[in-house]
Amino acid sequence: MSRITSVKGLLLAGSLIALSAAGSFAQELNLYTSREPGLVEPLLQAFTADSGIKVNTVFLKDGLVERVVSEGASSPADLLMAVDAGNLVDLVERGLTQPVTSEVLNTAIPANLRDANNEWFALSMRARVVYAAKEIGLKEISYDDLADPKWKGRICIRSGQHPYNTGLIAAYLTHNGPEATKTWLEGVKANLARKAGGGDRDGAKDILGGICDLAVANSYYVGLMRSGKSGDEQKAWGDGIDVILPTFKDGGTHVNVSGAAVAKHAPNKENAVKLLEFLVSDEAQKLYGEANYEYPVKPGVALDPIVASFGELKVDSLPLADFVKNRKAASELVDNVGFDN
Amino acid sequence: MSGSTTEKAGRSGLALRLSGALHRRLTLPPRPAGGVWFFVILAIAALVLAPVLALLWQASRGSVTLWSHLMGSVLPHALGQTLILMGGVGVLVALSGTLLAWAVTAWDFRGRRLLEWGLLLPLAVPTYIVAYAYLDLLHPIGPVQEFLRQMLGYTSPRQFRLPDLRSMPGAIVLLSLVLFPYVYLPVRAMFMTQAANLLEVSRTLGLSRRQAFWRVAVPSARPAIAVGVSLALMEVLNDIGASEFLGVRSLTISVYTTWVTRSDLPGAAQIALAMLLLVVALVSLERWARRNQRYSVNAQRARMIEPLLIRGPRAWGMFALAALPMVFGFLIPAGYLAAEAVQRFHTAGLSPQLLREAGNSFTISALATLAVLICGVIIACGARLFPSHALQIAQRISGLGYAMPGTVLAIGILTVSAGFDRSLDAAMQSWFGVSTGLLLIGSGMALGYAYLVRFLGIASGSTEAGLTRFPRSYDHAARSMGRSAAGTVFSLHLPLSRSAIAAGGLLVFVDCMKELSATLLLRPLNFETLATHLYGEAARGTYEEASIAALAIVAVGILPVILLARVGGQARRRAS
């Protein structure tokens, strides 16, 4: 019985391979992405319309690195797309990427937003901001203020172990050192209105629900809500809160990126580079704003009006690569102070 | 029904063969384990064991420095939370599942038939969906509290709001609401086919109905309760989404954090394997505790319980009470999803993509369920036909995949499948100059393999539970009358444990539909399922965009529930 099944399976697999091989004569490229399909899809459609290159995708989330490592030299992956600078650096450190020499990319992306050896490139930015209840009329706040006892029982935040938060904490750590960071985290923890958890958008909902006055979250969630794309109810949520761009003491606003790297064994490297170059074109950079309310990496590209309404973004000067090194230490500090407990 | 089949076969064959065959077999020592069976079962066990070994290898590459950090600041809290969560869910599902099973088998009242299958419906709702639905419904700005505020004359949630659902008690109740059918299903099957004889005896000996329940029905259903509770608890261990929503920091979340946030896969594998040891220890303890007990009835034909007819207010009360889990575990979350989906449908319409995803989910789950059932039956029947230590161990191994968090197990499966694919690719290239690419992963077979590893325990466990009810003398009779091992399986085991196998198949199918971790990690390019689509939206916090997909997962999950209800109904009609 099992022999029959396996023979059938082999035949089936064989025919599938034949099919996929037949398809590979056309121009195509294989994209492994840990960005959600809903965000990447509009960009890819524009790319295919523009270039005639078909993009095959698989959305992988947390297992991106493991999948590419395991597939080794047989991997069909051409381009690896990920959120969070740390994940991009991970790809390089695991030896899964290759350098790309492209004048287009080097001109479009500022040097602090790409790898020194051109192994990864940031494609969009998002700021870690503070949402505030309209009625408290807050105008400005620093990340340090979040630990101020006057906010006791008034702050909502997702798990301290989420990459968006470990990124922020790692940056704080790089600015202020471990002792001060621990004290700060303990302070923030003491101010929480509820256990750390849920998603960034829950922060906005909980403010409206009267559970907290402040929530730490990514900038684009507000855009998604305010645009009314997800219905009138959410538009009301988005309009019910203020967005404040906090800063580090003597620094700017914490920013993280989404980006991509060409896979080491990419069978269609040329096409992968074409997609990368397309993604930093004015058209695509504008789409990042329109589809997901992110900040463009390319200087001079107009912001989406909703994004622009948050105020002028003053990006913290700390290079991405610097705070990425402290991610693990940040994650351990989160455990040590029992931030999520 | 099946009892009579064997009897007939027995009577016709008996006279002819008794003198020769029976005599020969009775005088010879028991035959050694059948060669083919032995190797097939060991091969299946090896397939399940491979990813666990791969994880062991991963774990061994890491340092143990992680543990001092874990011991200091993570484990005490995470372990405590996990134990409270499992304890709470365990008690709730054991009580509710058993009482509900008793209610619909021991009593007859208006609406009982509806409940019999209606109580299975919560199975179709994944834990993360039920958590999401209730969080939205009961949120201070959700419909329930808004209504309450209007009734009480408050204008803002800042003036009045209910306690937050995001808490340990909230998590226990929500998870139990959708996990109790794991207990209800096998226990009801047990009550239906086995308890009748015992109960009649107990009643003639003067026990009241209530006493009969506690002193006869419950103890005799203990294997089924144990199987059901352990399945439910493993679902709890596997859950990440609901815990994340509800702010419960379980061990599974620690595994996940270690892997994702600290990029420490070896460390994550170490914690996962430690958890596996814990689970194996618990399951072994339960088995050891009932080592000296036998749960089969004697060789007489099993009969159904004669339910007690009740009417009037008592019947209504009974119905209302027993319907509560169905209402809260299915109707409310599904109704909420339906309302969201309708709204979504009006704004965005139905994408053709969704139909393709539904097709993908259904096809891969159906194929995998078939493979899982075949392997499960081979293991359970083989281990029964040829009792030996080796096969018993193989049988235990087949359950390992279900006892590990799916996220981590998926990496083990990835390691094995990709390793195979790469070796094959390299070999084919060097011998024939052709590249086979990624055979298992590229064709989706790796996904089928993952479902097999993950859910084989359900199929083999439920088949085993089905067979345990029947004494081995059945097997001896069949074998002594010259039936081959395979013949015994087809003419005896399969008919006897048909409803148990169907129940197992249902659970496997629904679990495949809901499965996320392995599906996300192992699927080929351009292959989305309903679950991965839903996750993609959930990951960026836009659930409502996926409400149609979520509803579709639930809807597809209902199909096998109906199918199973029909199989159960037929069995019942034939028996009576």
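Numbers here mean position along the shown chain, with the first residue as 1.
Keep in mind that glycine also has a Cβ here, set from the backbone N, Cα and C atoms.
Annotation source TrEMBL lists transmembrane segment at B:34-58 (among others).
Beyond the ends of the transmembrane segment (B:78-102), by six or more residues, the same chain brings 115, 119, 168-169, 171-173, 175-176, 179-185, 187-188, 190-191, 213, 217-218, 221, 225, 228-229, 232-233, 236-237, 243, 248-254, 322, 325 to within a C-beta distance below 8 angstroms of the stretch. As annotated by TrEMBL, transmembrane segment applies to B:78-102 (among others).
Per TrEMBL, domain 'ABC transmembrane type-1' is recorded for B:79-284 (among others).
Taken from TrEMBL, the feature transmembrane segment covers B:114-135 (among others).
Residues or ranges marked as transmembrane segment by TrEMBL: B:171-191 (among others).
What TrEMBL records for B:212-234 (among others) is transmembrane segment. Residues 86, 89-90, 93-94, 97-98, 101-102, 106, 179-180, 182-187, 189-191, 194-195, 198-199, 202-203, 279, 282-283, 286, 290, 293, 295, 402-403, 458, 461-462, 465, 468, 507 of the same chain, all 6+ positions outside the transmembrane segment (B:212-234), place their C-beta atoms under 8 angstroms from a C-beta of that stretch.
Among the features that TrEMBL reports, transmembrane segment is placed at B:267-285 (among others).
What TrEMBL lists as transmembrane segment is B:315-339 (among others).
Residues or ranges marked as domain 'ABC transmembrane type-1' in TrEMBL: B:358-564 (among others).
Annotation comment: TrEMBL describes B:359-387 (among others) as transmembrane segment.
The annotation transmembrane segment is assigned in TrEMBL to B:399-420 (among others).
The feature transmembrane segment is assigned by TrEMBL to B:432-452 (among others). With a threshold of 8 Å between CB atoms, the same-chain residues lying at least 6 positions outside the transmembrane segment (B:432-452) that come near it are 47-48, 364-365, 367-369, 371-372, 375, 401, 409-410, 413-414, 416-418, 420-421, 424-425, 508, 512, 515, 518-519, 522-525, 527.
If you look up TrEMBL, you'll see B:489-510 (among others) marked as transmembrane segment.
Feature annotation from TrEMBL assigns transmembrane segment to B:546-565 (among others).
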Need a quick answer: max count of Cβ pairs under 8 Å to the transmembrane segment (B:315-339), which of B:114-135, B:171-191, B:267-285, B:489-510 is it?
B:114-135
Cβ-based contact of the transmembrane segment (B:114-135) with the transmembrane segment (B:399-420), 3 or more pairs under 8 Å:
no
Which range wins on Cβ pairs under 8 Å with the transmembrane segment (B:399-420): B:34-58, B:171-191, B:267-285, B:489-510, B:546-565?
B:34-58
Among B:34-58, B:171-191, B:489-510, stretch most in contact with the transmembrane segment (B:267-285) (C-beta, under 8 angstroms):
B:34-58
